[in-house]
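What TrEMBL annotates here:
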type: DOMAIN; residues: 68-423; note: domain 'Aminoacyl-transfer RNA synthetases class-II family profile'
type: BINDING; residues: Asp137, Leu138, Thr139, Arg164, Gln180, Asp184, Arg333, Tyr337, Tyr338; note: L-histidine binding site
Amino acid sequence: MPQLGLLHGRAWAVLFGQLRRPPGAVCIRAVHSHSQGQKYFQVAEAALATQLKPHQEKSNFIIKTPKGTRDLSPQQMVVREKILDMVVSCFKRHGAKGLDTPAFELKEMLTEKYGEDSGLIYDLKDQGGELLSLRYDLTVPFARYLAMNKVKKMKRYHVGKVWRRESPTIAQGRYREFCQCDFDIAGQFDPMIPDAECLKIVCEILSGLQLGDFLIKVNDRRILDGIFAVCGVPESKFHAICSSVDKLDKMSWKDVRHEMVAKKGLAAEVADRIGDYVQCHGGVSLVKQMFQDPRLSQNKQALEGLGDLKLLFEYLTLFGIAEKISFDLSLARGLDYYTGVIYEAVLLQTPAHAEEELLNVGSVAAGGRYDGLVGMFDPKGHNVPCVGLSIGVERIFSIVEQRMKTFGEKIRTTETQVFVATPQKNFLQERLKLIAELWDAGIKAELMYKNNPKLLTQLHYCENMGIPLVVIIGEQELKEGVIKLRSVASREEVAITRENLVAEIQKRLSES
């Protein structure tokens, strides 16, 4: 007679196939010896442990989004889409075409393009194929696209997500995954005309979003390199010192000077000479002043940059935005690919409304000229001059979101225009026929997914969701060949013939 041994009930359940067996497991019906019993006992216990393990691990699992990322609720998506629509409509108004590129690029395409920030690039795991990285911005992929397709002239916009391994500051709209909105003009054109248009676009967008007063800081990398040269910075340290200067919007000059001297090995007297320049800011008068500077006026690069800035201010005056622009010698823009004019828009620390709190989000738009980037991808080194801008959508969104909380603004999360309702039972078929007519006419409509919903429940839903109109069909309406059209706001009802219903709805919607 078979011996079953001292097996636990759950273990026997595994053996007899009453629990799901692991792949390759054999269903054992009986054990014919003590040694076999021990062996099968061990197999059963191991199988049971394997099945229970996921459940044990799950109890310790914390459901959260990865650090530096977030979900967007339907309410947040409404606000976000409005901001993006305004930005993209401005880009289109200036003649830009849409473009999209992959979320990841070949790793070699992104390396050595971002200076010290290259360490923030997300590398994907090597799985035996191509080495890949998530895109860090939309500019380098655009340059790669131009070179790969031999495009010499293009005005494009691109809205997409980018990824950076930096320390996130959620309250200030800084994330590891975030959306960028870029506008770029590629091609050989007369100096400063495309650059001036980019600054005009920034002004139009920030004014249209009504974020409060703002200022656009402008500088030129050639002027900055000229300053470094005349102050005695070794050329090999230009990029490193430029990166330090770029921190002046977050750190005091004293701290930046310490970094230059103590961490980057710059002579103290050289740092002091740099400090005399990078703490200056003003308008076109400062450009003229720099032309007269005894040291800077001897540097060819700096003179080229100053000449372009003088021309730029002339165009900005014609565009009517010169008062929004400040020539700021501390502006550096740390990315290595910039070669000429650079700019950055900041909100001035005055809230648009007295009830608002100040929210320091840093720059809300930035960009510049990068004439050498496309040539890095071209096998023959052919360059395509480019200038562009990027709108800081996440930071703008943080400001708008805080403002809506302050004023308690209610947001509609749907665009439904009409709700199809009934006061009686067994009218689902009539509601389905009616809503199909509305959909086919291009009207945004909803109904309740119940056979016999209560009328009060349907009307409350309309009020809560902000749906302006309700069409009501019941026995009386069906007999008379009419539909009741109800205004949710005024609660007034009128009977409309079925054939005139769509036209009446469209008329009301156009008037609202």
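Placement of Cβ uses the backbone N, Cα and C atoms for every residue, glycine included.
Because the structure is a prediction, the values reported are computed rather than measured.
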Give, as a single whole number between 0 and 100, the mean pLDDT over the domain 'Aminoacyl-transfer RNA synthetases class-II family profile' (68-423). 91
Taking the residues Asp137, Leu138, Thr139, Arg164, Gln180, Asp184, Arg333, Tyr337, Tyr338, which the record names as binding L-histidine, find the longest CA to CA distance and state it in Å to the nearest whole number. 21
Other C-beta atoms that fall within 10 angstroms of the C-beta of Thr139 (L-histidine binding site): 26
Around the C-beta of Asp137 (L-histidine binding site), how many further C-beta atoms are within 10 angstroms, looking at every protein chain? 20
